[in-house]
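Quick look at what Swiss-Prot lists:
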BINDING   Ala197, Glu198, Thr199, Gly200, Ser201, Gly202, Lys203, Thr204  ATP binding site
COMPBIAS  47-58  compositional bias 'Basic and acidic residues'
COMPBIAS  61-72  compositional bias 'Polar residues'
COMPBIAS  92-110  compositional bias 'Gly residues'
COMPBIAS  125-140  compositional bias 'Basic and acidic residues'
COMPBIAS  470-479  compositional bias 'Acidic residues'
COMPBIAS  480-492  compositional bias 'Basic and acidic residues'
COMPBIAS  709-724  compositional bias 'Basic and acidic residues'
DOMAIN    184-385  domain 'Helicase ATP-binding'
REGION    20-144  region 'Disordered'
REGION    470-503  region 'Disordered'
REGION    700-778  region 'Disordered'
MOTIF     151-180  motif 'Q motif'
Amino acid sequence: MADDGMLLNFALPSDVIKPQTKIKGGSWRERLSVKKIAARRATNPKRTADGDGNKDGNESGPRNPNRIQVSGSRPAKRQKTDGGFQKLGEGQAHGQGSGQSKGPKKGQGGSVVSSLFSKNPRPRNAVEEDKNDEPMEDAKPTNAPLIDGLDTFTNLGLSPTLAAHLLTKLELKAPTAIQKASITQLLKEETDAFIQAETGSGKTLAYLLPLVQRIMALSRAKNEGDAKGDTSVHRDSGLFAIILAPTRELCKQISVVLEGLLRCAHWIVAGTVIGGEKKKSEKARLRKGLNILVATPGRLADHLENTQALDVSNVRWLVLDEGDRLMELGFEKELQEIISKLDARQRPSRIPGVPAKRATILCSATLKMNVQKLGEISLKDAVHIKADPADEDGEKTAEDKDGDAFRVPAQLKQSYAIVAAKLRLVTLTAFMKRTFMRKGSVMKAIIFVSCADSVNFHFEVFTRKLAEQLEGDNPDEGSDSEHEKEKEKEKPTPASTHGTVAPATAFSNSSNAVTMYKLHGSLPQHVRTSTLSSFAKNRDPSVLICTDVASRGLDLPNVDLVVEYDPAFSADEHLHRIGRTARLGRDGRALVFLLPGCEENYVEILKRGYRDGGKALTRSTTDDILKRGFGGNIESQKWQLELERWALDNPEYLEMARRAYQSHIRAYATHVANERHIFNIKELHLGHLAKSFALRDRPGKINVPGLRPGKEDTKKDFKAERKSAGGKKRKATGYGGGRDDDDDDDRPSATTDTTLAAQKMRAKMKEQLAGASEFNLA
């Protein structure tokens, strides 16, 4: 096309085409943030020029005549700290103290130092509970012994020898209600039985007394039938009774009670076989002969399979203590094997008076009447024995209405506290400080937590050396001699309890020294046994922090207080926890920690355990606990900050805190299904919860130390990878694997899809095992 000589001239304003600045570097989040700031400046240039717009700007309009204009170039104020000066945040620069800061501060390494008392959720029913200020009358104990007197035991059918032994040696003047009902029934008929009663009402003696009485009667029958009259039932006569319990600690306690009973019948021999002990020693005891055997299901099933010296042909009584717990812990397979082998090996006895068939007794405080799970334990025509006469008439109706109902001893004073996640640890410390403030007010207390890692962390927190103790570690010579004298006065702890017993510096004071114990299922068996024995025998103020391993059946003397720092995984387990106190008619107290929000609905479950509808259930406020324990919020904040600095200064304890935090979250997800709407893991504020473990890291930055494979695990994975890929095996040169590890890193061709899948599966199994090990109860 020919040039027509036309000239086009478009004139554009200069502000139409603006230079586009391309943002480079940084992460995509940072680039996006810069873009948003630039867009906001472009849309509102006046606000950005003034800094805060109408707040500090110089726009036209009425102004306060008393206002003094301050230059924006003035530096922020600084607060003097122990190490010098520290720049304050924006909120503190305007006059807010360190204890009243509204927002979190940045610490070292990107950690967050937040205030204890900011942004805490308020309880839903914060004002509803302060209604009943009238003092309540003390309730009549429901698990106390009946009328005193020697005739009460003899009237139940026990021999005068056994009744006199109970009165003189064991100092038991009268039976409890459940003992009266069970002894009468079990001595009268040879049938299977359910024994259900409150915690602390003497269920162990309820089945041991009829058992010992029956075997003592066999001794008399054999003496009468023997011409010489000089022989009786002895250890070679055979095994007559087996008692199964879910935990090793409960087996030990049953064995101690049984040995105390058998002192009046020395010819009857009892023994134990439990996990964690040497099989060789147990087999030696079985070869010598036993009449009564106390065992855990797993170890008994092992001996029935592999020990020929264990003769069960004469077993006529099988007791399942805490039978529902046996099923819950996964012992169903072992119980089926035990029952089938007992049935197959049963033979008619040549001893006169031995029953023709075996009787099975199942006892627990939270026994449910639906026997679908327990039907496989061969219970036939079982008799239900209950202590409360009010329940006998309406037994079916009560169970139909609420099959999960549980009962709390009437004399137990139970309370709950709605505590924000940030304040959990400092509130627990304040409560325990107040509890042991006066000597003699409380002798023993138990703190229940959810997992073993949490036990280890809190044990170190409560037994750590305080700042004033660290300063006094290097005094002059005179104070050194005094310190040595005080050490000489202290009782030495057994070697088997080192690491599980220490002075509780967080609770102790100058007039009342408190000893701290820890117990969980991951400890070696001899350590668990010696720690529990030391706590039971200690007559000074002491605290046991433990998992549910100590919640079932253990009769620990003089326990005045039970604190559920982490709520139980079910209402039944809650009953067993608080049942460690208020035993045999004695008074006791219990406190449950709950979080604001959906956990407040747990109060209705607590009220169901009371006969009066929960009128005796009281509430404790966080402010009151902190005021009584620390004197106020300022001291509480100081204690928390000191604890966080202690964790940062000690990498070992910081890792322990992280383990406890992660394990606590995993344990929180294991509540029973019908209570999961109350303990909803999605409602947890993970950042606030981390502060209760003395952590300043963000939840996403808290790594799980136990899930990373170690050097030996990595070495095994490499060997398995080479084997599955068909590579040649090479010998390892040392501990680190040396050349093998380095060569494998540079050979991607040896890794196949099958090998990668196997590695992922192994890592997943390690993760599951790491989470499950801390809930080990048996």
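Glycine residues also receive a Cβ, built from the backbone N, Cα and C atoms like all the rest.
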Thr199 (ATP binding site) has how many other Cβ neighbours within 10 Å of its own Cβ? 27
What are the helix, strand and coil residue counts for the motif 'Q motif' (151-180) according to DSSP? 18 helix, 0 strand, 12 coil
Just name the most isolated of the binding-site residues Gly200, Gly202, going by other Cβ atoms within 10 Å of its Cβ. Gly202
Local Cβ density at Ala197 (ATP binding site) - other Cβ atoms counted within 10 Å: 26
Judged by other C-beta atoms within 10 Å of its C-beta, the most isolated of the binding-site residues Ser201, Thr204 is Thr204
Can you count the other CB atoms that lie within 10 A of the CB of Glu198 (ATP binding site)? 27
Secondary structure of Lys203 (ATP binding site) (DSSP, helix/strand/coil): helix
Averaging the pLDDT values of the domain 'Helicase ATP-binding' (184-385) gives 85
Within 10 A of the CB of Lys203 (ATP binding site), the number of other CB atoms across every chain shown is 25
